[in-house]
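Beneath this line is the structure, given in structure tokens, with notes to follow.
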């Protein structure tokens with residue numbers, strides 16, 4: 001087996017980390033980051049819309065590096081650096097020499113999805129290295145015939161359930177592949193079942209939380225499918241090309257053929273269409289197959305790809321990272337293509353609009369006031385401000401942190417329809433609308449800011465109707 005190209009991989013990881021760190025303060029928080037920061041103040045074994053790992057990474061990072069945008073994002077940067085090494089190791093396991101390992105690590109490291117995951121703290125930040133680690137250990141079983149690596153794979157799969165339950169796609173795809181195209185002999189390997197048992201054991205607290213609470217993530221998944229399932233199905237195929245860039249997609253297609261022709265690895269080739277089919281059927285996000293695309297790319301890497309990958313990486317960096325000045329980014333197609341960029345711009349103006357509405361209240365009204373936000377991003381931004389009345393929201397996990405106190409009969413409201421608020425309060429007046437200097441058309445641009453007074457219905461009665469999963 002070729003030696004590991006430790007020094008070049010370390011150099012790639014260091015350069016990528018330096019780039020991500022330098023760009024970290026630009027644009028602003030993504031709405032998911034604002035949500036994770038808020039959830040991090042409520043440690044739990046799980047939440048209605050996700051397992052606990054990413055919010056807890058946010059909590060750890062804030063405690064170590066400070067409650068700043070850069071401090072929050074350090075785990076994303078670290079996960080990306082780890083991913084670089086794992087990709088190199090996957091390439092080596094597939095027979096890749098020093099050059100192949102470098103090309104594989106550089107190609108994935110500069111892919112659009114990797115750069116997005118490394119720049120902002122998202123659930124996918126940890127997802128990519130967790131999938132890659134599990135795939136690496138499975139490769140060691142299949143190629144070396146060393147069954148004990150099932151224990152390592154099981155441990156990683158169990159740990160991955162604390163970030164996303166989507167690791168089940170890898171398990172289902174691999175199981176379907178083994179049953180359909182082999183090698184079925186591994187089903188008789190006691191190490192396989194020991195690894196499976198270890199995965200279940202590690203995942204059990206997370207699974208118990210879901211069972212005790214009525215499997216809220218299943219309800220959440222159904223809500224997401226109903227909300228955006230049709231759109232995700234339309235975008236699935238083109239986004240398989242865009243995720244890491246077109247060059248990576250082309251090489252990954254070649255890698256799929258290589259895996260299929262190798263009887264030892266055919267089950268992993270089979271896993272990709274299984275995962276893709278399940279994603280399409282369920283209306284899941286197009287990025288659910290990203291971990292398998294990394295494997296396919298590593299299998300397809302050949303010498304001579306350097307110039308093509310450099311062009312691919314440049315293209316991805318422009319669309320994935322905040323390299324375009326915020327003052328002109330709205331003149332480009334980037335905000336339409338990259339949701340993370342779109343939803344990271346304009347939060348100071350949003351908070352300022354709400355602060356201005358709060359400023360119209362008398363001291364007596366301010367003492368009884370609350371903020372009511374219809375989405376977790378807006379709630380997280382208002383919570384971050386620190387100098388505003390307490391914020392409540394019915395969105396996802398935040399609904400469980402209500403209801404507001406009955407004394408809160410004055411509310412500054414965003415992202416709830418005015419007619420609905422007029423049924424709850426005696427009066428609702430629009431104070432203004434949210435804008436942003438960059439002119440980026442995002443989820444909160446143009447939102448009306450309502451000042452509502454005179455609560456008609458007790459919060460304990462009204463609050464159950466505010467629950468929303470999306």
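Note: Cβ is positioned from N, Cα and C throughout, glycine not excepted.
Curation plays no part in TrEMBL annotations; they are all automatic predictions.
Bear in mind that the values here come from a model prediction, so they are computed numbers and not experimental data.
Annotation source TrEMBL lists domain 'Glycosyltransferase RgtA/B/C/D-like' at 49-209.
The feature transmembrane segment is assigned by TrEMBL to 72-90 (among others).
Listed as Cβ neighbours of the transmembrane segment (102-122) (distance under 8 Å, sequence separation of 6 or more from its ends, same chain) are residues 5, 8-9, 12-13, 16, 20, 23-24, 30, 32-33, 36, 54, 57-58, 61, 72-73, 75-77, 79-80, 83-85, 87-88, 90-91, 96, 128, 242-245, 247-248, 251, 287, 290, 294, 297-298, 301, 303, 305-306, 309, 312-313, 316-317, 319-322, 338, 340, 344. If you look up TrEMBL, you'll see 102-122 (among others) marked as transmembrane segment.
Annotation source TrEMBL lists transmembrane segment at 149-179 (among others).
Listed by sequence, the residues of this chain that lie at least six past the ends of the transmembrane segment (191-212) yet keep a Cβ under 8 A from its Cβ atoms are 44-46, 51-52, 141, 147-155, 157-159, 161-162, 218. Marked as transmembrane segment by TrEMBL: 191-212 (among others).
With a threshold of 8 Å between CB atoms, the same-chain residues lying at least 6 positions outside the transmembrane segment (232-253) that come near it are 107-108, 110-114, 276, 279-280, 283-287, 289-290, 293-294, 296-297, 299-302, 305, 308-309, 311-313, 315-316, 337. Summarising the annotation, TrEMBL assigns transmembrane segment to 232-253 (among others).
For 265-282 (among others), the entry in TrEMBL reads transmembrane segment.
Summarising the annotation, TrEMBL assigns transmembrane segment to 288-306 (among others).
Below 8 angstroms of C-beta separation, residues 87, 90-91, 94, 96, 99-100, 103-104, 107-108, 113, 124, 127-128, 131-132, 135, 166, 169-170, 173, 240, 243-244, 247-249, 251-259, 265, 268-269, 271-272, 275-276, 279 of the same chain, each at least six residues beyond the ends of the transmembrane segment (288-306), sit close to that stretch. Panel annotation: around the transmembrane segment (149-179), residues 50-54, 123, 126-127, 130-131, 133-135, 137-138, 140-141, 186-187, 189, 191-192, 194-203, 206-207, 217, 266-272, 274-275, 278-279, 284, 288-289, 291-292 of the same chain, lying at least six beyond its termini, place a Cβ under 8 Å from a Cβ of the stretch. Within its own chain, the transmembrane segment (72-90) has Cβ neighbours under 8 Å at 4-5, 9-10, 12-14, 16-17, 20-21, 24, 29, 33, 36-37, 57-58, 60-62, 64-65, 101-102, 104-105, 108-109, 114, 117-122, 125-126, 128-129, 132-133, 135-136, 139, 294-295, 298, counting only residues six or more beyond its boundaries.
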